[in-house]
Ligand code: MET
Ligand SMILES: [Zn+2]
Ligand SMILES: [Zn+2]
């Protein structure tokens, strides 16, 4: 059997032959041209949030593409696009034979959407993570409906708080005193008044972006057994996203004092309480930012640096001392992460591959840092 010419070669065979050409020979495997330098980590999560299928125009797991080029699927924006954009950019750079001083690693991690506790939070503590010697990371951002691209340099800290109120039970027809519901209502009012204050602060200052103020939503109410039985226990759950400049100790004391002010038997517990917000500098003192922003400038991409309103795996990466930017190269795209009909235009997706193809060489060629020489 004769082998086919290169133009007919099976793409898997071509990939195999490319891999064989990389001289990963021990004891000095050639992973990057200067393995003494720290590496670039491209992180993405593989899990997605659930769907309400009846609200979708197309099956959310079919990746239907309409006649205009919009691809509908859960994960189209958050963040399966980014995983493939990384891979395609790296593939393109490899095919073109580029080599860079710094190694580029890609991680595809689970469980981000449920807090990352079995995913990136554990992984950053593992020797396998330290062996990557990451000096800088890219992770997910959020689409931007305008011409500009959003880039996140920090995140709000998720605090998931359950307030439990206990009080006197009794017959639903009586004016029972000191009920769980009355006291819970007081705490809910205090917290929703705080919510309104933060909302007004955001509304009244055009320079403030969503991630710069603290948000809270009442997301669960539990308790009660029957219409005519006053329950002894009721609870309310809140999703707080605490801005990075907040005094965390004072804020926790504030929460405690709202509970105390509501009366006896009102307590709070945390289902999630992130305490280590970090900020990745966005000025030229940060060589990673300098490289990132220079490429964007060269490509005429306008950047909007912001604090991520939600939480991503970047918080774990930054907390172990690795600077990270949250960036999904998606402009002119409505923000539809976690929403019905999440979709992405194929042209935006492809443009994102071009963007990474320019960004990665610059990041992987950042000269040795003072700490690396
Ligand atoms: C708070 S755990 C993170 C889950 C999800 N990314 C969110 O921000 O809600
Ligand atoms: Zn995500
Ligand atoms: Zn998400």
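Just so it is clear, glycine is given a Cβ too, placed from its N, Cα and C backbone atoms.
Automatic, uncurated: that is what TrEMBL annotation is.
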Candidate sharing the Zn(2+) 1 site with 78, 140 (per TrEMBL), from 45, 105, 117, 171: 45
Residue in 338, 340, 345 which TrEMBL records at the Zn(2+) 2 site where 78, 113 also bind: 338
Candidates 45, 47, 78, 112, 140 (recorded positions) with Cα within 10 Å of residue 338 (Zn(2+) 2 binding site): 78
Recorded positions: 47, 78, 112, 140 - member with fewest neighbouring CB atoms within 10 Å: 47
Binding-site residues near ligand 2 among 78, 140, 338 (Cβ under 6 Å): 78, 140
Chain-internal residues, separated by at least six, CB under 8 A from residue 45 (Zn(2+) 1 binding site): 79, 108, 109, 110, 111, 112, 113, 116, 119, 120, 140, 313
Cα-to-Cα gap, residue 78 (Zn(2+) 1 binding site) vs residue 47 (active site), nearest whole Å: 9
Contacting recorded positions for ligand 3, chosen from 45, 47, 112, 140 when the Cβ sits under 6 angstroms of any of its atoms: none
